[in-house]
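Supplied in structure tokens, the structure appears directly below.
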Amino acid sequence: EKKCYLGTEKRVKLEREFFLCVFCLLAALLPPASSCPAPCLCSSDGLVVDCGGRGLSSLPPLHLLPQGSRSLLLANNKLASLGASAFANLSSLEELDLSNNYLDNLPGGLFRDMSNLTRLTLHNNSLTVMDRELFQSLDLSLNGLSSVPLGLLDELQSLRWLSLAGNRLHGLERAAFEPLANLQHLELGQNPWECDCNLRDFKHWMEWLLYRGGKVDAVECTLPKDLRGRDIRGVPVEMFNYCLQLEDENGGGEGGGGGGEPQSDCVRARYRPVSVRRAIGTVVIAGVVCGIVCIMMVAAAAYGCIYASLMAKYQRELKKRQPLMGDGEADGEDREEKQISSVA
């Protein structure tokens, strides 16, 4: 019995070791379960990580993000600053939402490793400085921006959607937006625009953007008083003619940008104040007038030809009738002579 008991115990031990080895082997073969950093919520497929509205004053452990995550939502928190390597090794992310936080600057190279990032939302922060990176969509609304410095957007050639709404912008430099060759949508509403000479060149740039199929929302003037409430897109370009006189009086030293800073000769030559839509309209109207004149000339020529043809026909018929009329007159004269001789 003792031998039988020892054999049974040995067999049970061997079975346990066997099942333990099988379990370890299966655990090694199965893919690891995706993690999710606390206190965030992750979608079942791990593509969306929602850390919004958690009262975070610092970033969660982003190294615990599920592999292949595409969206990271950090809106409605208390983030005031970000480290330069905060988003390192997150190349799979395509969307990053940092809206409704307390960010006042973005360090250089913050998004350097995010090669697939196409949408960055930063509205309702306190940004005054940001890094120049490549995006297709950039939301800078409700940030208290008072200017867009020259060169700030030079590295954003692929940008297609930009919002500067709800800031403190009075004017904008046209040269600051010239690099945005692929921009299709621009939001500028809810800013205290001063529709004077400092906004003239930017108005021409907006017209060019609209001409090539882009969209710009309403840009309502706050100053001067006679333009208050009007959309600058509907203000005739002739109302800015006095700006040229001011430039001539000042020797051409002041530019048309928002800061009133001097512009070099090459910049002034590059950004000439030309209204593309007005020029196209002039060409169309001139073409219509020329077409009408040409039609009238053709009609007059046709009328002249028809009139000449009718007159020629009339002259020919008149010449044919003249000999007949001459014979009748001669017979009448002979009859009269005969009657006179008989009476005599």
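Placement of Cβ uses the backbone N, Cα and C atoms for every residue, glycine included.
Since this is a predicted model, take the numbers as computed values, not measurements.
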According to TrEMBL, which listed range is region 'Disordered': 51-71, 240-260, 324-344?
324-344
Counting by DSSP secondary structure, give me helix, strand and coil numbers for the domain 'LRRCT' (191-244).
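Secondary-structure breakdown of the domain 'LRRCT' (191-244): 29 helix, 9 strand, 16 coil.
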